[in-house]
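According to TrEMBL:
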TRANSMEM  24-45  transmembrane segment
TRANSMEM  57-79  transmembrane segment
TRANSMEM  133-152  transmembrane segment
TRANSMEM  164-185  transmembrane segment
TRANSMEM  197-215  transmembrane segment
TRANSMEM  227-247  transmembrane segment
TRANSMEM  253-277  transmembrane segment
TRANSMEM  289-308  transmembrane segment
TRANSMEM  314-335  transmembrane segment
TRANSMEM  347-369  transmembrane segment
TRANSMEM  400-425  transmembrane segment
Amino acid sequence: MATPTAYLPSAGSPEWLNKGDNSWQMIAATLVGLQSMPGLVILYASIVKKKWAVNSAFMALYAFAAVLICWVLVGYRMAFGDKLLPFWGKGAPSLGQKFLIQRAKVPETTHYYKNGTIENKAEEPFFPMASLVYFQFTFAAITVILLAGSVLGRMNIKAWMAFVPLWLIFSYTVGAFSLWGGGFLYQWGVIDYSGGYVIHLSSGIAGFTAAYWVGPRLKSDRERFPPNNVLLMLAGAGLLWMGWSGFNGGAPYASNLVSSIAVLNTNICAATSLLVWTCLDVAFFGKPSVIGAVQGMMTGLVCITPGAGIVQSWAAIVMGILSGSIPWVSMMILHKKSSFLQKVDDTFGVFHTHAVAGLLGGLLTGLLAEPALCRLQLPVTNSRGAFYGGNGAMQFLKQLVAAFFVIGWNLVSTTIILLFIQLFIPLRMSDEQLEIGDDAVHGEEAYALWGDGEKYDPTRHGSLTTGHSSSPYVNGARGLTMNL
């Protein structure tokens, strides 16, 4: 039987193209994209107080779009292009067809022995550059959107619009190049399988720093900030969980053995962490919390990320137990005892769920990285966690030093960016806007519901009856509801 034309080498299907890897990479990228749009858009819109639902959703929506344009204009090649500095690539557009249809390559990821000979060649996946550009965009986008969770409910939307591209260019690309794109931490052998440091530690530290500089919400909002729709919040959380299979499964740039291990470990750790967090809630507060369960899910997903494809599945359970307990302690106990942590209004505790869990995952990877799995994925031969002896203790030290670099860079860069923006735009909304919420900021409200104390104005909205009754229970939606 003749081979179908679609599978023959041609200009549109070169010999180096592996259709299976390319298909998985685009699917993985779409799964990660769904975590942000609509996953975090829905999660943020539903977990906040009703008056901030539109604003919170819009902050995530805007960031997703703005990051994509900045990414293809300059960001991708600052993170994965030719080296400019040991921690930064040369910025350039990723828009031309000659660049996008060539075989994907991360040029600076060639790894050398100390004597200068090549240990591992540069990463060259079997799919086009366009797939890699889009896949890495979804990681950049979710990082910025996670950061937004620290400043919801009070950051000036215009300041946020200016902050997103500046932070992407001057903070995110540095971490991505240093750890993934062939920068100095990559060359040193630091392990960050899929973003425990690049994404979660950076977003947690940057978010906490931004919360400090933007300032707190109104006192009434800090004291009472109930979610407006818990069930919809679970829908957003579910998209986040399921999308994580693309997050960690797409990191090897191939649908290979490591990808399969990573997807399984991701779900094991998330489930374990959720159960541990819930058990702690029951033990200390007497009842399980749905919001607590979502937090536990999140910390498990974050913790496994830096080592998802290079730790054994029993280690994923260990990481889940620790990610469900240590961030719980930091959020529920240490936070309440620290005057500094209480002073900084981190709306959704991104510091605990991402910075603490991301740091924990990176350090645990330095302990539990399995040598045989490391050989399948990492550019440095004989990589292993400290648990497996050999040079594992040095690996743990590398993980610790890399964490300090990511923390320091994000703290300083986020501070400089926000202080620069503050020269032109107030970082925090006015108290009047904070009192009103979405209607003051966007002229829109999330729910067209009556009965929250508002009175129906027939001169503004029209009347639903032809009569002229003066009863407040006759005209309008509220009257109809009361009659029913």
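Each Cβ is built from the backbone N, Cα and C atoms, and glycine gets one as well.
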The transmembrane segment (227-247) touching the transmembrane segment (24-45) per 3+ Cβ pairs under 8 Å rule: yes
Proximity verdict for the transmembrane segment (57-79) and the transmembrane segment (164-185), three or more C-beta pairs under 8 Å: yes
Two-stretch contact, the transmembrane segment (197-215) and the transmembrane segment (133-152), at least three Cβ pairs under 8 Å: yes
Chain residues in Cβ proximity to the transmembrane segment (164-185) (below 8 Å; excluding those fewer than six residues from its ends, i.e. six or more beyond): 62-63, 66-67, 70-71, 74-75, 78-81, 83, 86-89, 91, 106-110, 122, 136, 139-140, 143-144, 147, 192, 197-198, 202, 206, 402, 405-406, 409-410, 413-414, 416-417, 420-421
Segment proximity, the transmembrane segment (253-277) to the transmembrane segment (133-152), 3 or more C-beta pairs under 8 Å: no
Close approaches to the transmembrane segment (314-335) from elsewhere in its chain (Cβ under 8 angstroms; 6 or more beyond its ends): 264-266, 268-277, 280, 284, 295-296, 299-300, 302-304, 307-308, 341-342, 349, 352-353, 356-357, 360-361, 364, 368, 370
